[in-house]
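For reference, the structure is listed below as structure tokens.
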């Protein structure tokens with residue numbers, strides 16, 4: 001079973017997994033178009049969140065934020081470089097939202113991507129629990145986000161998550177999707193953005209930037225205190241980045257206003 005699309009039509013996943021067909025059109029198998037990208041998002045999310053959770057659970061007191069910041073950033077850059085050509089390398093519902101808004105992901109794939117990322121988050125967190133000593137796991141609350149302890153911290157944490165995720169989503173959308181600015185260093189830039197964000201924002205909000213990263217450990221450790229912050233903040237940032245690129249900083253093909261005549 002396969003479908004046919006015009007050569008100029010954007011792909012949902014890997015734009016290289018195509019075969020020439022009759023009349024100058026491309027034939028893409030349903031598996032490569034719909035299923036494979038979702039499997040890759042699940043796999044990449046699981047690997048990234050496993051490494052991230054383990055780095056928090058096994059973090060020593062002498063390393064502070066440096067160990068989780070480097071582990072998250074390097075792991076994300078690695079999985080993007082390895083798997084990004086298949087799915088776009090989002091591994092984050094907020095990034096998928098921003099990518100969809102600027103034309104980097106078809107709308108019909110947004111929900112499947114989200115489901116895949118959340119399942120990957122649960123799998124990665126469960127694997128981190130499986131390989132960790134029980135005492136360390138519970139001392140770290142299963143790598144769930146526990147930075148916000150009281151109502152007075154909520155506003156600062158929410159604003160921090162919006163700003164931190166904006167930087168990350170900009171790194172993805174401008175570095176890997178926008179035609180005028182994308183380049184081969186995108187995986188490095190995206191991973192570096194995560195590292196910088198955690199180092200800077202960790203004491204304020206935990207530096208999540210990713211609902212799947214928050215959701216997986218929350219399920220496994222059953223820790224839901226102030227969990228909504230790590231959904232609302234990143235998703236608002238995804239909307240903001242989509243608006244910025246569509247209206248102001250995107251290339252001529254992406255921008256909806258202020259086009260040259």
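Each Cβ is built from the backbone N, Cα and C atoms, and glycine gets one as well.
Among the features that Swiss-Prot reports, N-linked glycosylation site is placed at 59 (among others). Taking Cβ-Cβ distances under 8 Å and a sequence separation of 6 or more, the neighbours of residue 59 (N-linked glycosylation site) in its chain are 67, 68, 140.
Residues annotated as N-linked glycosylation site in Swiss-Prot, with sequence analysis given as evidence: 139 (among others). For the recorded site, residue 139 (N-linked glycosylation site), the DSSP three-state label reads helix. Long-range Cβ contacts of residue 139 (N-linked glycosylation site) within its own chain (separation 6+, distance under 8 Å) are none.
The cysteine sulfenic acid (-SOH) annotation in Swiss-Prot covers 53 and is backed by experimental evidence. A C-beta separation below 8 Å, combined with a sequence spacing of at least six in one chain, links residue 53 (cysteine sulfenic acid (-SOH)) to 124, 125, 128, 129, 142, 143, 216, 217.
The feature cysteine persulfide is assigned by Swiss-Prot to 53, with experimental evidence given as support.
If you look up Swiss-Prot, you'll see 1-36 (among others) marked as topological domain 'Cytoplasmic', on the strength of sequence analysis.
The topological domain 'Extracellular' feature in Swiss-Prot is assigned to 58-84 (among others); the stated evidence is sequence analysis. Non-local neighbours of the topological domain 'Extracellular' (58-84) in the same chain are 40, 43-44, 47-48, 51-52, 91, 132, 136, 140, 176, 186-188, 190-196, 198-199, 202-203, 207; each lies 6+ residues outside the stretch with a CB under 8 Å from one of its CB atoms.
Positions annotated as topological domain 'Extracellular' by Swiss-Prot: 129-156 (among others).
Feature annotation from Swiss-Prot assigns topological domain 'Cytoplasmic' to 178-183 (among others); the stated evidence is sequence analysis. Each residue in the topological domain 'Cytoplasmic' (178-183) has a pLDDT score, and their mean in this model is 96.
The topological domain 'Extracellular' annotation in Swiss-Prot covers 205-228 (among others), and the record cites sequence analysis as its basis. Helix, strand and coil content of the topological domain 'Extracellular' (205-228), in residues and according to DSSP, is 12 helix, 0 strand, 12 coil.
Taken from Swiss-Prot, the feature topological domain 'Cytoplasmic' applies to 250-261 (among others), supported by sequence analysis. Outside the topological domain 'Cytoplasmic' (250-261), and at least 6 residues removed from its termini, the chain residues within Cβ reach (under 8 Å) are 102-103, 178-181.
Residues 12-14, 67-68, 70-72, 75-76, 79-80, 82-83, 86-92, 109, 112-113, 115-121, 123-125, 127-129, 131-132, 136-137, 140, 142-143, 212-213, 216-217 of the same chain lie 6+ residues outside the transmembrane segment (37-57) yet bring a C-beta within less than 8 angstroms of a C-beta in it. Annotation source Swiss-Prot lists transmembrane segment at 37-57 (among others).
Annotation source Swiss-Prot lists transmembrane segment at 85-105 (among others), citing sequence analysis.
Using a Cβ-Cβ cut-off under 8 Å and counting only residues 6 or more beyond its ends in the same chain, the transmembrane segment (108-128) has close neighbours at 12-13, 34, 37-39, 41-54, 57, 87, 90-93, 96-97, 100, 137, 142-143, 211-217, 219-221. Taken from Swiss-Prot, the feature transmembrane segment covers 108-128 (among others).
Sequence annotations record features per position, and here Swiss-Prot assigns transmembrane segment to 157-177 (among others) based on sequence analysis.
Counting only same-chain residues 6+ beyond the ends of the transmembrane segment (184-204), those with a CB under 8 A from a CB of the stretch are 65-66, 68-70, 72-78, 80-81, 84, 89, 147, 156-157, 160-161, 163-165, 167-168, 171-172, 175-176. What Swiss-Prot lists as transmembrane segment is 184-204 (among others).
Summarising the annotation, Swiss-Prot assigns transmembrane segment to 229-249 (among others) and lists sequence analysis as the type of evidence.
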Long-range neighbours of the topological domain 'Extracellular' (205-228), counting only residues six or more past its ends (CB under 8 A): 45, 48-49, 52-53, 65, 69, 91-95, 117-118, 120-126, 128-129, 137-138, 141-149, 154, 156-158, 160-161, 164-165, 168, 194, 197-199, 234-235, 237
